[in-house]
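As recorded in TrEMBL:
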ACT_SITE  Asp133  active site
ACT_SITE  Asp321  active site
COMPBIAS  83-95  compositional bias 'Low complexity'
DOMAIN    115-434  domain 'Peptidase A1'
REGION    79-104  region 'Disordered'
SIGNAL    1-22  signal peptide
Amino acid sequence: MPTPQLALSLAALALAATSAAASPLAARRSSAPAPLGARSAVAEPQVLKVPIRKRSGEQHRRRDGEAYRLRASAMRNKYGGFSPSQFKSSSSSNSTAAKKRQNSLEMTSYQDSQWYGEIDVGTPPTAFSVVLDTGSSDLILAETGCNGCLSSTVEYDPNTSSTSSISQSSFSITYGSGAASGSLVSDTISIANYTQDNQIFAACDVMQNIVDGTISGILGLGWTPLAQSRATPLVQDLWESGALPEGVFGFAFETHTFTTASEPTAPGGTLTIGGVDTSAYSGEINWVNVVGTPSYWNIPLEGVSVGGRALSLTDDAVVIDTGTTLIGMPESAAQTIYDQVPNSTPYTLSGEDGYWAFPCEQSINVTMTFGGVEYPIDPEQFNAGSVDSRGRYCLGAIFALETTSTISIIVGDAFLTGVYNAYRFTDPPAVGFAQLGSGGSANTGSDSASRTGGNGAASVKQAGGLAGGAVALAATVAALVFA
């Protein structure tokens, strides 16, 4: 079995920025990042397609117990979480181990699915594939000569860009089995048809167990308070600088059934920036206001049902995270759900508890309620793969995640692939969901039905297309082939 290569995701990394020692590259080019400068004008609406990516041949996507455990462990590390037994054995929430986990995260790409798109960096521009992650806020790229990167990784070289500027501040990141270090850099960055000058990001010349294949880094789509670099995230910066027609972006994911004969990548859908793609959903977007001061995209969960039976499960602020595959929640909440799944049973993977298995032939119907609307989880997405060679029992996409922070439920792609999901910077900040389809209504402004409760989807009001002068970036799902 190949050694797992871990991909980026930086929701809560401990970023230790120091100014004592500049990196070798910074010593060569020691000018500090310039202030954010001129911005491009709003572009004409245009849909840009990202070519299909192909993963390295030795890596294969599998739906088995170990692949699942790696994905679950990635989310636990990302949000400073534990398995139930680990949580119970910790001496206190203030223990050294707890503090370390709270300041750490890692996200695996081995045997996993990821949605990534391209950005252009520098002058002349170089294209980089980056994971699109609403659960973090930093842009991090592998730097030329990166120690720990694969030969297939495209690396950023600031010396070849006439618009790059490197700060004297170095930083290092250590977490789990991964580590990264480098410098803060500013350069010109373009995404879709929008360009931002002097965008600050992290260029890492050391990346141990972080990047994978041709993916060079991660594009955080969260809010500034979550950024460990303290830089305004790229898309938020585009909005605040007036480059976007609307402070909105949205995802329409495509899912595929992969076999051993499949290509390791496939079209992954679209990320639309500056508006929403009304051709990707039907009805209106159901906007749900972000809770508190925005950092994560967190919204209230109003209910969960299994097989049509409503459960007493709510949460004041669940995190909506496109950079995470599964759905994590406290053990008691997960157990309440699986109590309604016939013949389900707790399951242990490599000594870790907090998982559940059920007969593979069963179709599990789970819904989550946001803004007064029930949204189903696709049964195929809820089924995370078999745990035995005969394919009799399969794992559920919901697993136990115990944390010492206020974050208790994280909703990832198992749910998000089944809805059009949109994110709004404008007052009030909100996350929106709509039914996948076509001919949707472009209700993106703050005068739309933004609420912590809702009245459901409205009737179709206009033909499909890009709303608000949006520019769509086609994403690619870096899904590894089943072994």
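Including glycine, each Cβ sits where the backbone N, Cα and C put it.
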Should Asp133 (active site) be counted as helix, strand, or coil on the basis of DSSP?
-> strand
Per-residue Cβ crowding (10 Å cut-off), top of active-site residues Asp133, Asp321 | Asp321
How many whole Å apart are the CA atoms of Asp133 (active site) and Asp321 (active site)?
-> 7
For the domain 'Peptidase A1' (115-434), provide the mean pLDDT of the predicted model.
-> 89
